Structures are given as C-alpha cells and as structure tokens.
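> Before we start, here is the structure in question, set down as structure tokens.
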Amino acid sequence: MERLSAGSESGLMLEQQAVPQFQMLETPQQKALLNLVFRSMKRTHDLFCHDYGTSPELEIKADDLWRSVKLKSEYGSVMEEVSEVKKKKEEELLKLPVSSSVITDYTQNGLSRMVAITAGTAETIKERSIGVATASGRPEEGNMRTVLPSRAPVIVKPKWHAPWKLYRVISGHTGWVRCLAVDPTNDWFATGGADRIVKIWDLASGRLRLSLTGHVSSVRCCKVSKRHPFLFTGGEDKQIKCWDLEYNKVIRHYHGHLSAVQDLTVHPTIDVLISCARDATARVWDMRTKAQIHCLNGHTNTIAAVISQEVNPQVITGSHDSTIRLWDLVAGRSICTLTHHKKSVRALTLHPSLYMFASGSADNIKQWKCPEGIFIQNLTGHNTIINSLACNEDGVLVSGGDNGSLSLWDWKSSFCFQRHQTKAQPGSIDSEAGIFAVAFDQSGSRLITAEADKTIKMYKEDENATEETHPILWRSEVLKRKAY
C-alpha cells in the first residue's frame, strides 16, 4: 500500500510538471513572444503545407541521362542490331507497291489514323521516317515511330464436332486412378492408381484382363511402347518399372530419381525412355541397358509433364515453376524456355498431325508451334487446375480439370464446343469428382478418363447428332489473341 501511495503521488507531480509553461505566462513580454511564435507557425504553414507530399519536378536532362545509361547497361549489346533491323523493315516497306502500302501516322494528340501512301505523299513519309530520332537517341512524340503495316483482325469459324456422351463407367480400383495409357493395337488399355496396382482392361468390353502388383506406393504414370511389348510405369516410390506383357512380369528397373516420378514418355523412333520427377529433373534412359544417358537440369520445381516426338525439340517438359522447356536430346541441354504461363504447368500434349503442342495450367491452355516454341493462341474458359490434355486427328482437344469438369475444344479456332461435369460415383464424396488423366484410343473415336472417384469413364461421339440438331453456339466476332 505504501508503494501504491508513493506511486500515485509521483504521478500527480509528473502531471503538474507536464502542464505547458506558456499557460502560466503573465508578463506582457512573454505574451508578445508567444504571439510572435504563433505568427511564425502560421506563415510556415501557408508557405509549405500546400505542396506537402508532392514529388519534385522532373528534371528533363537528368531523366534523359538516366534513361541513356539504363539503355546502354541493359541493351547496349543489341541496340545497334535492333536499329539496323528497323531500318531494313522501313526500307522494305517503302519499296512496296503504292496500292498495298499502309502506314500508321501518330499525331500530336496521341490519336492514330491510317494514311495511304500515294505518289505525292511518299517523299514526305520518307522524310518523316528518316528524321524521327532526337539527340538522345529516342523518337520524338508525335512522329511516326514505325512504318510497319497493322495486322488484320482474325476471324476463325470453328469446325463442327459431334457432341460426346458417357457410355461406360468401369470400377475396380480401390484408390484414385492417376494415369492411363492405350495399347497401340487398340485392343486394351492400362491404368494405375493410388492402390499401387496396374490394371489391364479390354477396350471393347471394359472387362478386367490382368492386375500387376509391384509398386510400393501410388502409381503416377504409365506408357505403352509402340515398338516393343513393354509397359512402363512410374510411381511415388521413385521407381520406374518395365513390364514384359508377354510374361506379365517386371524385367527392368530404372534407378536414379530422388523423389516421386510424376510422368514418363517413350521416344517414338529410338529405344529411349524419358521420365520426370519431383526432384526438378528429367532423366533420359537407355531402354535396354537401363543406363542414364542425360539428366536434364534447369527447372526449379517439380516437373509435372513430359512429351517426346521424332523431330526437334524431341523432349518438352512442363514444370510447377510455371515454365516450359524445349530440350535438345542429342546434346542434353535446353533449347529455349517459355515463360508465358503464370501458374504451374501440369499437362502437355502433341497434336497428332500438326507440328504443334498444347500446355495446360490453371485457368488456361496455350498452343505453341514447334520447333521454336512460338505462341499461337490462348484457350480460356476452363476455370480450374488442368491435370491432363489429349488431342485426336479430328482436331478435338480435351482438357480434364481438378474439379471434375471436362472441356472439349476445336483446336484451330480455340472454341469450346462442349462442357461436361462428371458426377462422383456411389461410395465417393462430391469433392472426389476430379479428373487426373484423359486419353483417346488409337482411332480417336473413344475418350477415356481416369478419375478421383476410383472409376474409369468412357465417352464416345453421339452417332445421331448432326449440325441441325446440335448447332454450334458461335457468333461471328473478332477473336482477340491474348498472351495471358
């Protein structure tokens, strides 16, 4: 109690000391001084408060100097080449026939208008194109910056495709069905799941032919060789197994991955197997000797998908680091990296006849042209995580989503002509309506999906559908090609 009383007394003394001294001023001299201080505060407030927090005026010379230094440090090695290429394009355009030459003239207001080149205006335009550079090396505002023709709007009418319908549901797995592969002879197909079992099914009847056991963890990928009676499987146990389907047993193991194997593919013309895993590497194996030929490093996160083709780039990988890499199989190095995706790339597929491929990420699908990896167009509308892609000869691209949605697209026009939502089968909860893998049979007339409700679903085209009974719900409009 004594301590509390002492503390309260000290608090009162502090409060008395905290009273401003100017309240106790009584002499005229002190009042005059206080009045002078208040006037000075008011003048200071009037002078500086109106522009408080505003940024200083831009110094044009300093800004030009900063920009030139930045350009030289970042692009100094290629600035001369870029200017030479621009000059060549301008010269080529000025040599075009008068009737087909169109340029864009930028006015002082920032508005653009189309000007046709005639015999009378050609000299004027040529003078403008030559004298647009300033002393700082940048084009002046209001002058023509480029003499390139504008690209015409693209209007693509989608091809009519018959709608697809569900005709069979196959059950047999006791866990999520994570992968599937169709036999090149179109006689059977294989599936692997979280129950650690690989099952062989008859494609015509849907009956179980064979069950293969050997993996000690979930089977994540499977592929059938077109040139050998071999089935390759990979799982979360870091193992890659080669099954001889004549004797129904494992004949080879491929060891090297440090984490779960996510996907694998077989080269179409040579005895090479390519696999990818969570260790951010893709490994190239000699199919017969089991030796590792290359370890493809470069990705910074899990590689979720890998595909291969006969010509360059013979190997393409998609990763959770949001990039796609094209690889030179002979040298074992990356040719180029595609960074257009902003989220994990989980699915890749090749077009059966065109020299193109598609990649799937969350909410969008992108089409690319080989061998440089040129971006073609974006397919938007499948608003979920896309786990798998497949394409047939008729130009039907199928995407399977993590929420159980199935979208069917026309490859050329990027038009989604059908959407389907799968239903979880009895014994599974609604959240298990996810699609992990999709694949067409060799004829392209049957579609198979592997799903999270432990079932395999098969779809086929509606034989009775025509363009009159199922018209395309499409409007003729300009399709804007979006990069993202």
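Glycine too: its Cβ is placed from the backbone N, Cα and C atoms.
In case it helps, TrEMBL gives these features for our protein:
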type	residues	note
REPEAT	170-211	repeat 'WD'
REPEAT	212-253	repeat 'WD'
REPEAT	254-295	repeat 'WD'
REPEAT	296-337	repeat 'WD'
REPEAT	379-410	repeat 'WD'
> Near the repeat 'WD' (212-253), which same-chain residues lie under 8 Å Cβ to Cβ, leaving out any that are not at least 6 residues past its ends?
175-176, 178-184, 190-194, 196-200, 259-266, 268, 271, 273, 275, 277, 285, 287, 290
> Against which stretches of its own chain does the repeat 'WD' (296-337) lie, if we need a Cβ under 8 Å and a gap of at least six residues from its ends?
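Contacts with the repeat 'WD' (296-337): 262-269, 272, 274-278, 280-284, 343-350, 355, 357, 359, 361, 368, 370-373.
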> Average pLDDT across the repeat 'WD' (296-337)?
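Per the prediction, mean pLDDT sits at 95 for the repeat 'WD' (296-337).
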